[in-house]
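Q: Just lifted these from Swiss-Prot, have a look:
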type	residues	note
BINDING	H83, H126, H522	Cu cation 2 binding site
BINDING	H458, C521, H526	Cu cation 4 binding site
DOMAIN	31-147	domain 'Plastocyanin-like 1'
DOMAIN	158-308	domain 'Plastocyanin-like 2'
DOMAIN	406-541	domain 'Plastocyanin-like 3'
CARBOHYD	N36	N-linked glycosylation site
CARBOHYD	N69	N-linked glycosylation site
CARBOHYD	N77	N-linked glycosylation site
CARBOHYD	N115	N-linked glycosylation site
CARBOHYD	N240	N-linked glycosylation site
CARBOHYD	N296	N-linked glycosylation site
CARBOHYD	N323	N-linked glycosylation site
CARBOHYD	N371	N-linked glycosylation site
CARBOHYD	N381	N-linked glycosylation site
CARBOHYD	N398	N-linked glycosylation site
CARBOHYD	N416	N-linked glycosylation site
CARBOHYD	N440	N-linked glycosylation site
Amino acid sequence: MKMGFLFLFCYLLAFLGYSPVDAAVKKYQFDVQVKNISRICNAKPIVTVNGMFPGPTVYAREGDRVIINVTNHVQYNMSIHWHGLKQYRNGWADGPAYITQCPIQTGQSYLYDFNVTGQRGTLWWHAHILWLRATVYGAIVILPAPGKPYPFPQPYQESNIILGEWWNKDVETAVNQANQLGAPPPMSDAHTINGKPGPLFPCSEKHTFVIEAEAGKTYLLRIINAALNDELFFGIAGHNMTVVEIDAVYTKPFTTKAILLGPGQTTNVLVKTDRSPNRYFMAASPFMDAPVSVDNKTVTAILQYKGVPNTVLPILPKLPLPNDTSFALDYNGKLKSLNTPNFPALVPLKVDRRLFYTIGLGINACPTCVNGTNLAASINNITFIMPKTALLKAHYSNISGVFRTDFPDRPPKAFNYTGVPLTANLGTSTGTRLSRVKFNTTIELVLQDTNLLTVESHPFHLHGYNFFVVGTGVGNFDPKKDPAKFNLVDPPERNTVGVPTGGWAAIRFRADNPGVWFMHCHLEVHTMWGLKMAFVVENGETPELSVLPPPKDYPSC
């Protein structure tokens, strides 16, 4: 589908009432409803927002108040997470089911009411219950406040590029069947760009996303990895990309032929249409440098110069190989914060509390499973059990018996985390255990991958905060040597960090946002297996530094 993106973008801004003097409240209605969709020769009903796949883009400006009424018309419980929005003191609007809210039940509505404070750039929203985010997701575009230009050349046009996955089967049915077996769910059947798999898949010529471009212009692409289980390379045939933002934080610009995004991450790039007029494939394919199966198929969209006929065959880009670890490490090493007077990198230099979390897979007994066991995942050997009452409500109202606050700062036993694969004694502890944090504590957290069953990369997302990725490495983290190599000047600031396969990532943040904040692997299969936990950040000393009261329409469990 071809679109005049500049016209559409300007139309949306006008429709939403943007102007330099009048940009305060943006209101949206999200109707969660079923719609029949056909992809790669298969038709099925899917859960959507407003009948759109992907769902509608939320546009706002830095400083706006956003009010989104979500009405659930489907058989499943629903909740929506606004991925990357900090929700200061307002976890009630964060969205993860049974963490900050009870889900929205069939026939009910919930008003997500939040402020966009101190943030601008590309984020996204998605369902945060079951595997419904397979089809329930969309972009969030936060424009700079009036009078604050981009810290890079003004683009001629902007376009959203949302990378996703498609299953021919009903996803929830497939997941339930896998859980009964105690096995992983099936891989997706295709990747998508803006819901379309592109012409390399059968029955997909008309399901191809197209950008019609003018020669000699600069385009801003807002790229989002909304896939459930795949890290993805992205590139454009014949064109370089200049990275200018990650996870809605400006970066020092650098040019590359391909980018890498883990699930949950966003990247903004500038693309100059300075090649000979032609049709060029934009493509995405998986990165996997561990012995784990992935949907190793390439999704394509088209960058088409104006005046070039549709009969011209597009040119394919040369993306990195699926196991190109060196590219991944080199690419991530180039990501750095701007750290300018207007956009400082406020890295905590003094650390109040150091945490060391091991990430691993396991096998637990499962009497109801066909094989008698099921796969599990854990942090510090604890597999998280979802509560039946929202954790934030239990914390706010002092409801006992819902969770414990004794999540350990370190694993129960030290071992050679990334040595030979460990395949015995793989049982994990289970529980709803949280880590209690005093307000304004500065935290350094090292996330260490382990070779329990297998090593694997893990995109970890922290709700309620951005953090600085001060260091990464391959192998076991060395607390005596590795901190000396930390970047404390201009490290990348993110909300989702990729922990390297068989390696570690160190992050720092200041716990100045009171509430209950979820942290989990953004590979949906690992989250389902329990690779998650939460922080309970205590209130500050004044009401202005404390959790706001819950809204009147707060859902009940």
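Indices start at 1 and increase along the chain as displayed.
Using N, Cα and C of the backbone, Cβ positions are placed for all residues, glycine too.
Map these features onto the structure and tell me what's around them.
A: If you draw a 10 Å sphere around the CB of H522 (Cu cation 2 binding site), it holds 25 other CB atoms from the protein chains shown. Secondary structure at H522 (Cu cation 2 binding site), taken from DSSP and collapsed to helix, strand or coil, is coil.
All protein chains included, H458 (Cu cation 4 binding site) registers 25 other Cβ atoms within 10 Å of its own Cβ.
Helix, strand and coil residue tallies for the domain 'Plastocyanin-like 1' (31-147), in that order: 6 helix, 59 strand, 52 coil [DSSP].
Within the model, the domain 'Plastocyanin-like 2' (158-308) shows a mean pLDDT value of 97, rounded to a whole number.
The C-beta environment of N36 (N-linked glycosylation site), restricted to residues of the same chain at least 6 apart in sequence and closer than 8 Å, consists of A43, K44, P45, I46.
Neighbours of N69 (N-linked glycosylation site), defined as other CB atoms within 10 A of its CB across all chains, total 15.
For N77 (N-linked glycosylation site), other Cβ atoms within 10 Å of its Cβ number 20.
Other Cβ atoms within 10 Å of the Cβ of N240 (N-linked glycosylation site), summed over all protein chains shown, number 16.
If you draw a 10 Å sphere around the CB of N296 (N-linked glycosylation site), it holds 12 other CB atoms from the protein chains shown.
Under the three-state DSSP scheme, N323 (N-linked glycosylation site) falls in the coil class.
In sequence order, L181, G182, A183 are the residues of the chain that are 6 or more apart from N371 (N-linked glycosylation site) and have a CB within less than 8 Å of its CB.
Secondary structure at N381 (N-linked glycosylation site), taken from DSSP and collapsed to helix, strand or coil, is coil. Residue density at N381 (N-linked glycosylation site): 19 other Cβ atoms are found within 10 A of its Cβ, drawing on all protein chains shown.
A C-beta separation below 8 Å, combined with a sequence spacing of at least six in one chain, links N398 (N-linked glycosylation site) to none of the other residues.
Contacts of N416 (N-linked glycosylation site) defined by a Cβ separation under 8 A and a same-chain sequence distance of 6+ are given as N476, in order along the sequence. In the three-state DSSP scheme, N416 (N-linked glycosylation site) falls into the coil class.
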Q: Tell me, which recorded positions from H83, N296, N323, N381, H522 are within 10 Å of H458 (Cu cation 4 binding site) if we use the C-alpha atoms?
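A: Qualifying among H83, N296, N323, N381, H522: H522.
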Q: Excluding near sequence neighbours, so keeping only residues 6 or more apart in the same chain, what lies with its CB under 8 A of N115 (N-linked glycosylation site)?
A: G63, D64, R65, V66, Y88, N90
Q: List every residue in the same chain as H83 (Cu cation 2 binding site), at least 6 positions away in sequence, whose Cβ is under 8 Å from its Cβ.
A: L123, W124, W125, H126, I140, G264, H461, N495
Q: Please report the Cα separation of N77 (N-linked glycosylation site) and H526 (Cu cation 4 binding site) in Å, rounded to an integer.
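A: Checking the Cα atoms of N77 (N-linked glycosylation site) and H526 (Cu cation 4 binding site) gives a distance of 21 Å.
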Q: Same-chain residues six or more away whose CB lies under 8 A from the CB of N440 (N-linked glycosylation site)?
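A: Non-local contacts for N440 (N-linked glycosylation site): R510, A511, D512, G540.
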Q: For H526 (Cu cation 4 binding site), what residues in its own chain, 6 or more apart in sequence, show a Cβ-Cβ distance under 8 Å?
A: L361, A377, H458
Q: Looking only at H126, N323, the recorded positions on record, which one has the least crowded Cβ, with the fewest other Cβ atoms within 10 Å?
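A: Selected from the recorded positions H126, N323 on minimum Cβ neighbours within 10 Å: N323.
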Q: On a C-alpha basis, identify the one among N69, N296, C521, H522 that is nearest to N323 (N-linked glycosylation site); the candidates are the recorded positions.
A: N296
